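Input: a single structure, listed below in structure tokens.
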Amino acid sequence: MSFTLTVIGGGHAGLEAAFIASKLGLKVNLLVLDPNHVGSCPCNPAIGGPAKGIVTREIDVLGGMQGKAADATALQYKLLNSSKGPAVQAIRAQIDKIAYQKWFRQQIDQTPNIELIAGEAVDILESNGKVKGVVLADGSELASDAVIVTTGTYLKAKTYCGSLSKEEGPDRAKRSEYLSTNLIKRGFKTLRLKTGTPPRILRESLDFSQMAVEANTTPHLAFSFTTKNYLPLEQQVICHLIHTNPQIHQLILANLKQSAVFNGSIKANGPLYCPSIEDKVFRFQDKERHQIFVEPESLSLETVYLAGFSTSFPPEVQEHIVRLLPGFKNARFQKYGYAIEYDAFSSIQLKSTLETKLIQNLYFAGQINGTSGYEEAAGQGLIAGINAALKLQRKPEFVLQRNEAYLGVMINDLVTKEISDPYRLLTSRAEHRLWLRNDNLQERLIEKSRALGLVEADVYANYLEQQQKKKQLIDYLQTTTVGQIAALKLNFKNTAQTLFDFTKRAEIKLVDLVQLLPKRFDLDVQSLNQIDIDIKYAGYIKKSEKYFKSLNNLSSVKIPLKLNYHKVPNLASEAIVKLSKIRPTDLSVASQVAGINFNDILAIKHFLDNHE
């Protein structure tokens, strides 16, 4: 039986939703305001970063597109936090944003069951609490078995640059006028959020000799496990690093009231972890400088992006400030920075599948849920697309737990916690970040992906081969002692210790140890490092697994959406209020809600057991 899905929006969330649903057999209508903006990167020309880069790789293991697109259009890679522990390391890629868009358009053209449609969605068609399609601005209708709304920052969007404001989307694009109004009429709770972007400067007007070079020094980096050819270090573009100075800070503070963020024009909440330059200078007046990265946007563009310098100052103030930066004395502007506010919707109105609780087969993904970032959006689009397909095909839902993926952490946060400012994924949000690492994506997720039919055969075959090689090395380490290795027995007293336990020492690196072994193992550096990390952190990871095993069992206990918590004996009043508002779908989700303790969970479980 054939099913049709309509995805509203062709940004990072919409694209993942469309492609994964098409892979799972659905016919997809990809409805966009402007086909020329499909896959656009209206803010930073980069994919990845702390936690975010791990999400991009999780998306890849689960059959998604973002990692492949980034690898196909990368200009430079970096392994972030390489000097720190493995839990916080992640890949970030500078991408060619024009090539990135072209890559996605080519993929759409080559996918028969995705139809790109230009039009504006103004309302949802609904019957008996179930979505039936989409109403377009011209009065036409798209019949659909499911709908995923991925409207990004376009809902009633408004841009600000000084005292000037315009009703428009990012990059002067047409905004979505009516959809959020009609969703509100259907009972959805909205909130107003804000983000911003820096000015774009013509690179030929800059003196790069006054800037520090930021080059990649780590070879063999890629997001996707399907990427065969790594971008050579010598072919990677150079980014630059500069800093603000006290003179700039004085100018910013003297002109604060000209910024739309400070003059009262903008009422919406902005991102806590990505503030504007004026906000940073105002909030951290004890800091003498703030770092700014100068990044190319595309090989086909003459502009650079000032990462860390988003602003809503008027053009003349932006010019004065920017020209005080090192190397920017003669800077010429291609586009001024601006702030943008938009409608989003409270994500606690969603199930863990990202289906709305109010209307069946209607899903929200991306910035409409109050998140920020391309990676967060793409991850939600992927999960929404998978679950839309599974539900229509009457298959079990796909929900990742907090100990399985950053995607699980993010979605659990979204559906259990009220969002007041744009949500950004951070390693600190993951209580089990020692397990949710950049190096063990396949071990965590590939079998789940294979169960969905989303893993390429050659990728899975290579994974099994690598697992067998890893097992051979681990078996050797567990059965061989220090005393059996000539290069070790003279330098270490405990010769009866196995090499496995010997590797647990912080100063021992497995990549060096294998060079001393008489037996050779055909494993690359990445695989050796992963084994090394697993050995060193095995104790911590075991504790983590034991703790979450109890929560995973709770996920099998479903909670009726209409449960009257006032009727649950011995349930704390705080739990009644919070659970009545959030409406968790199972006990595992309920246990993650702030203020809910184990006794509350036991009370609910006992009540459900006696009222089946």
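Cβ coordinates are placed from backbone N, Cα and C, and glycine is handled just like the others.
Straight from Swiss-Prot, the features:
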BINDING   G9, G10, G11, H12, A13, G14  FAD binding site
BINDING   270-284  NAD(+) binding site
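Across the structure, F284 (NAD(+) binding site) and G9 (FAD binding site) place their CA atoms 37 angstrom apart.
You'll find the Cα of G11 (FAD binding site) roughly 20 Å from the Cα of G270 (NAD(+) binding site). Taking each Cβ in turn and tallying the other Cβ atoms within 10 Å, the top scorer among the binding-site residues A13, L272, C274 is A13.
Each of the binding-site residues G9, G10, G11, G14, G270 was scored by how many other Cβ atoms lie within 10 Å of its Cβ, and the smallest score goes to G270. The Cβ centroid of G9, G10, G11, H12, A13, G14 marks the FAD site; residues of that chain outside this set whose Cβ lies within 8 Å of it are V7, L15, E16, A17, T150, G152, G366, A377, G381, given in sequence order. A sphere of 10 angstroms centred on the C-beta of F282 (NAD(+) binding site) encloses 17 other C-beta atoms.
Here A13 (FAD binding site) is positioned 20 angstrom away from C274 (NAD(+) binding site), judged by their C-alpha atoms. Comparing the binding-site residues H12, K280 by how many other C-beta atoms lie within 10 angstroms of each C-beta, the top residue is H12. The separation of G9 (FAD binding site) from G270 (NAD(+) binding site), Cα to Cα, is 22 Å.
Each of the binding-site residues S276, E278, F284 was scored by the number of other CB atoms within 10 A of its CB, and the lowest score belongs to F284. Across the structure, G10 (FAD binding site) and S276 (NAD(+) binding site) are spaced 26 Å apart at their Cα atoms. When Cα-Cα distances from G9 (FAD binding site) are compared across the binding-site residues S276, E278, K280, F282, the shortest belongs to S276. In three-state terms derived from DSSP, G10 (FAD binding site) belongs to neither a helical nor a strand segment and is classed as coil.
Secondary structure from DSSP puts C274 (NAD(+) binding site) in coil.
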